[in-house]
Each structure stands twice: as structure tokens, then as C-alpha cells.
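One structure is given here, and the rest of the page talks about it.
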Amino acid sequence: MPPHFLDGQPHGHTDRPRRVRQPGEPLRIGVGGPVGSGKTALVAALCRQLRDELSLAVLTNDIYTTEDADFLRRHAVLPDDRIAAVQTGGCPHTAIRDDITANLDAIDDLIAGHDDLDLILVESGGDNLTATFSSGLVDVQIFVIDVAGGDKVPRKGGPGVTFSDLLVVNKTDLAPLVGADLEVMRRDAAAVRGDRPFELISLAVDPAATPVLSWVREQLRVAQAV
């Protein structure tokens with residue numbers, strides 16, 4: 001599927017009404033986070049675990065390339081026609097929050113080609129701790145950080161860390177190598193998030209991303225019960 005492009009218009013901040021998912025529509029889960037946090041690897045892991053039990057597709061966002069979509073295709077996590085890409089230009093957060101038109105068009109194309117979809121995973125381009133998805137684009141969102149940035153990242157907060165539906169602290173196996181204290185990260189995540197869930201994971205240790213997979217399955221169960 002050819003990439004969709006975000007046109008070069010001014011980056012105004014526009015509020016869209018929260019998407020109201022209709023019965024029979026696929027659940028849309030956003031996966032966001034900084035560059036290198038492991039978003040694409042997490043998306044790949046979820047696809048491998050879910051592809052035999054439901055109908056799903058993936059939409060990636062990259063600034064100037066289709067690198068993340070190409071990675072998913074090379075690793076054959078889904079058939080090629082179930083993986084689409086948006087090229088966002090200079091501001092990756094704009095395409096998922098402010099001007100979501102290119103993403104909505106790509107989602108429409110995926111649904112037109114696969115009218116049985118249960119789930120669409122929408123991966124953002126790599127951005128910073130302020131990037132979040134528009135509620136007009138996704139139903140729920142996962143925000144991925146990793147321990148390589150140090151154990152201070154959760155207490156820095158930011159919309160993604162604080163308000164995402166699920167926070168994932170990835171690459172916990174690297175903690176000893178970078179001097180990160182996982183208990184500090186756990187404590188600080190709990191402090192900034194309150195009752196919102198978070199998980200510490202390592203795809204090197206648990207390639208299925210079991211806690212995240214369980215959370216996604218629960219979101220699907222709730223959505224399909226409506």
C-alpha cells in the first residue's frame with residue numbers, strides 16, 4: 001500500500017471531538033513514544049501474538065521514510081496489504097494530534113481493503129514526552145519509554161507518561177548497563193500516573209510482551225462487548 005503524506009500546511013492545534021466507535025468498527029490503539037523506545041518492536045510482538053486469533057492491521061508514521069512499515073514487512077508480522085504508512089514531514093506529532101487527515105485516510109483505505117478488521121495498531125513517529133494521539137484518531141493509547149534514558153524519565157512526566165491509557169517501560173534488561181534503578185522507575189510511574197496502569201517489560205526476555213498483550217486483549221474484549 002503506497003504511503004500517505006501529510007501536506008505542508010501550517011501546524012495549528014485543532015481540537016477534534018472524541019471518536020465514538022460504532023459497533024463493528026475496528027478498535028484503534030495508538031502506540032507512541034520517543035525515538036528508539038521500542039515502539040515498532042512492540043507492535044511486531046503484538047502482531048505475532050494476535051494475527052492467528054483476530055483480523056488486524058498496522059498503520060505506521062515516519063517523518064520522511066516508510067522505515068517502520070518496511071521493518072514490519074521484512075519480518076512478515078502481517079501480510080503486506082495489512083501494513084500501511086504515513087509520511088509525516090517535519091513534525092511527527094502533528095499527524096497524530098493536530099492534523100490527523102492523512103492517518104484517517106490511511107485507516108479508511110485499510111478498512112476498505114479488509115472489512116473484517118477487529119484491530120488497527122497506529123504507531124506514531126518517534127517524538128518526545130509531549131506527543132499524544134488525538135482522541136479523534138485512536139480509542140486508547142499506549143506510550144512507550146525505555147530505561148536507556150535513565151530512571152528519571154517517569155518522574156519527568158509529560159502527557160504521554162502521565163495520561164496514556166497504558167505506560168510501557170521497555171528494555172528493562174538494559175537497566176544494569178545504564179545504571180537505571182527499576183524500582184525508582186516503578187515508584188515514579190505510580191506517583192505520576194495514579195490509578196492508570198503501567199508495565200515494565202523486556203522484549204528480549206519476554207518476546208510476547210505478555211503484560212501488554214493481556215491489556216490489549218482486555219481492551220478488545222471491552223470494545224466487542226459494546
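In case you wondered, yes, glycine gets a Cβ from its N, Cα and C as well.
For 1-26, the entry in Swiss-Prot reads region 'Disordered'. Under the heading GTP binding site, Swiss-Prot lists Gly33, Pro34, Val35, Gly36, Ser37, Gly38, Lys39, Thr40.
Where Swiss-Prot records a feature, it is marked here on the structure.
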{"residue": "Gly33", "record": "GTP binding site", "Cβ contacts under 8 Å, 6 or more apart": "Lys39, Ser124, Gly126, Asp127, Ala131, Phe143, Val144, Ile145, Gly160, Val168"}
{"residue": "Pro34", "record": "GTP binding site", "Cβ contacts under 8 Å, 6 or more apart": "Gly126, Asp127, Asn128, Leu129, Ile145, Asp146, Gly149"}
{"residue": "Val35", "record": "GTP binding site", "Cβ contacts under 8 Å, 6 or more apart": "Gly126, Asp127"}
{"residue": "Gly36", "record": "GTP binding site", "Cβ contacts under 8 Å, 6 or more apart": "Gly126, Asp146, Ala148"}
{"residue": "Ser37", "record": "GTP binding site", "Cβ contacts under 8 Å, 6 or more apart": "Gly126, Val144, Ile145, Asp146, Asn170, Lys171"}
{"residue": "Gly38", "record": "GTP binding site", "Cβ contacts under 8 Å, 6 or more apart": "Val144, Asp146, Asn170, Lys171, Leu203"}
{"residue": "Thr40", "record": "GTP binding site", "Cβ contacts under 8 Å, 6 or more apart": "Thr60, Asp68, Phe71, Leu72, Glu123"}
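Within 8 A of the CB centroid of the GTP site residues Gly33, Pro34, Val35, Gly36, Ser37, Gly38, Lys39, Thr40, the other residues of that chain are Gly126, Val144, Asp146, Asn170. DSSP gives Pro34 (GTP binding site) a strand state.
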